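Asker: These came from TrEMBL, pasted as-is:
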- 3-176: domain 'Ketoreductase' (DOMAIN)
- 9, 10, 11, 12, 75, 140, 141, 142, 143, 144: NADP(+) binding site (BINDING)
- 140: active site, proton acceptor (ACT_SITE)
Ligand code: NDP
């Protein structure tokens, strides 16, 4: 069965691996991107999730071409790392606006069609850092922790309508986001990961696809770590 799937930030990194995993399984996959040339093979819609009007336009385009979104993967996210005393209000609010409020915008819009269809799967990409904390990432960690409360509230609010809301919390993954870390930071992280390495984006994508599959029909409000054991116990 080919479903209408939307992956925000599906033009690179973890989002692209997720988009490929759904496309390989035969789903109709739309991705959002902000600039440059999006990868081929998907319905690519330009959309900055901090802009409600762009979110609305993106959904209209996707609905026209693929029908209402049945599986939403809210993956788009940013970091603006800084120690608290040097963190500006803009560093804080812009990360919250993308990672949390941006997710609110895309989830709310997707739910319109899902409620009508009386089914839907929503998967939010959080981070191990949301539960573990991370020095220099108070803004990012707060935004990612908030996704757990957001998803669990919606799981309660809309479970009776056959909608599921789950959170995937990746550990450190080999993407542009982690390329900015120094070798020393990288080694330090890896030394704390029981599996002793970073994840590949495809390893996150496999869990996301599972959560959207029939096999996951009774899972909602869950936080699934895909972190090589880094966050064990949290
Ligand atoms: P990348 O930096 O490689 O990609 C980020 C994606 O988010 C890009 O597609 C980017 O679009 C998109 N994006 C950022 N801001 C916006 C916005 N305002 N509107 C629309 N799209 C936006 O990151 P990753 O692939 O590594 O991360 C993907 C998700 O996984 C993020 O939510 C991240 O927090 C999370 N994560 C990543 C980890 C890692 O170690 N890499 C670990 C744990 C969680 P564009 O190309 O246009 O900039």
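Every residue, even glycine, has its Cβ placed from backbone N, Cα and C.
In TrEMBL, annotation is done automatically, which means it is predicted and not curated.
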Asker: Sequence gap of 6 or more, C-beta under 8 Å: which same-chain residues meet both conditions with respect to residue 143 (NADP(+) binding site)?
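Answerer: Sequence-distant Cβ neighbours: 77, 95, 96, 98, 99, 100, 130.
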Asker: Tell me the Cβ contacts of residue 9 (NADP(+) binding site) under 8 Å, same chain only and six or more apart in sequence, or just say none.
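Answerer: Sequence-distant Cβ neighbours: 15, 31, 32, 33, 75, 76, 77.
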Asker: Round to a whole number and give the Cα-to-Cα distance in Å for the pair residue 11 (NADP(+) binding site) and residue 140 (active site, proton acceptor).
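Answerer: Cα-Cα, rounded: 21 Å.
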Asker: Checking the recorded positions 11, 75, 140, 141: which ones have Cβ within under 6 Å of ligand 1?
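Answerer: Checking each Cβ against ligand 1, the ones under 6 Å are 11, 75.
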Asker: Under 8 Å Cβ-Cβ from the residue listed as 'active site, proton acceptor', six or more apart in the same chain: what's there?
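Answerer: When sequence neighbours closer than 6 are ignored, the residue listed as 'active site, proton acceptor' has 78, 79, 80, 81, 95, 99, 127, 129, 134 within Cβ distance under 8 Å.
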Asker: Counting every protein chain present, what is the number of Cβ atoms, excluding its own, within 10 Å of the Cβ of residue 141 (NADP(+) binding site)?
Answerer: 22
Asker: Among the binding-site residues 11, 75, whose Cβ has the fewest other Cβ atoms within 10 Å?
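Answerer: If we count Cβ atoms within 10 Å for the binding-site residues 11, 75, the smallest count is at 11.
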Asker: Would you work out the biggest C-alpha to C-alpha distance among 9, 10, 11, 12, 75, 140, 141, 142, 143, 144, the residues that bind NADP(+) according to the record, and give it in angstrom as a whole number?
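Answerer: Taking every pair among 9, 10, 11, 12, 75, 140, 141, 142, 143, 144, the longest Cα gap is 25 Å.
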Asker: For residue 11 (NADP(+) binding site), what is the secondary structure by DSSP, using just helix, strand and coil?
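Answerer: Once the DSSP labels are grouped into three classes, residue 11 (NADP(+) binding site) ends up as coil.
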